[in-house]
Every structure is written in C-alpha cells, then in structure tokens.
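First the structure, then my questions, so here it is.
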Amino acid sequence: MAPRAEKKPAEKKTAAERPVEENKAAEKAPAEKKPKAGKKLPPKEAGDKKKKRSKKNVETYKIYIFKVLKQVHPDIGISSKAMGIMNSFINDIFEKLAQESSKLARYNKKPTITSREIQTAVRLVLPGELAKHAVSEGTKAVTKFTSS
C-alpha cells in the first residue's frame, strides 16, 4: 500500500495576503436579486410620460341604427339611452336567430349554417308579416352580395 500523505491544516490568510482575484471579488457590490419576469420596472426617464391605454374595440350597431333612422325619418333624432336599447334589441334578435339556425343545422346533420337555415330561423323566430319582410330583404341582400 502507498503511504498516506499527511494533511496540513489550511492556514488562514489575511486580506493583504490573499490573491488579487479574491480582492476584486470582495470589492464588488453584493449580487442583487433579479426582478421576476412579470414585474419589469419602467425606465426612470419614461416615468414622466403617461402610458396610453389601448381601448377595447366594442362592436355596436349604433351607426347602422342611426343610418336607418335617417333613411326612414330624417328629421328625428335618438337619445343615447334609446340607442343602447336598440343595440341590445338587435344583439338579442341575432342571438336568437343564431341559436335557431344552429339547431336546424344540427337536426339536419349538416356541419354548416347556410342561408336556408337562416331563412327558416327567421320564419320561426319573427312573427307573421315581420318575417315575410325580413325574408324578402334578406334574399335581396344575398343576391346583391353574390352578384357583385
């Protein structure tokens, strides 16, 4: 067997005796914790300017309701409250038509909703004379769309 080497106790060196690399490491400031990825601090110079908030695009039928109103009664206006009610009314009607046409497509085991399902849904959802006018206007709009 090989003889064991004697272990010498490590001598503690003073700050002056330590190598230059260790002194450089000691001169550095303590390591700062990095902020989490989600919490970035804005630069100091940008703190003076206020950040513009992006608006959510809320789609409404207000401009179209107003155009139809001016076609029918050019001299009459509409309040914002009444406009909100009309917008809600149109959203509700479209929701009912979409649900009904979806049911019709499902009953017929069709994967798509065509103009035929929409037309049948209009006849089922809207009453009497209103359904007839809606169907005729819808057919007119579809033929105009396909011809152009």
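Just so you know, glycine gets a Cβ as well, placed from its N, Cα and C.
Checked Swiss-Prot, it gives:
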| type | residues | note |
| --- | --- | --- |
| COMPBIAS | 1-35 | compositional bias 'Basic and acidic residues' |
| CROSSLNK | LYS144 | ubiquitin cross-link |
| MOD_RES | ALA2 | N,N,N-trimethylalanine |
| MOD_RES | ALA2 | N,N-dimethylalanine |
| MOD_RES | ALA2 | N-methylalanine |
| MOD_RES | LYS7 | N6-acetyllysine |
| MOD_RES | LYS12 | N6-acetyllysine |
| MOD_RES | LYS13 | N6,N6-dimethyllysine |
| MOD_RES | LYS28 | N6-acetyllysine |
| MOD_RES | LYS33 | N6-acetyllysine |
| MOD_RES | LYS39 | N6-acetyllysine |
| MOD_RES | LYS40 | N6-acetyllysine |
| REGION | 1-56 | region 'Disordered' |
Tell me whether the residue listed as 'ubiquitin cross-link' sits in a helix, a strand or coil according to DSSP.
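The residue listed as 'ubiquitin cross-link' sits in a helix per DSSP.
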Please report the number of other Cβ atoms within 10 Å of the Cβ of the residue listed as 'ubiquitin cross-link'.
9
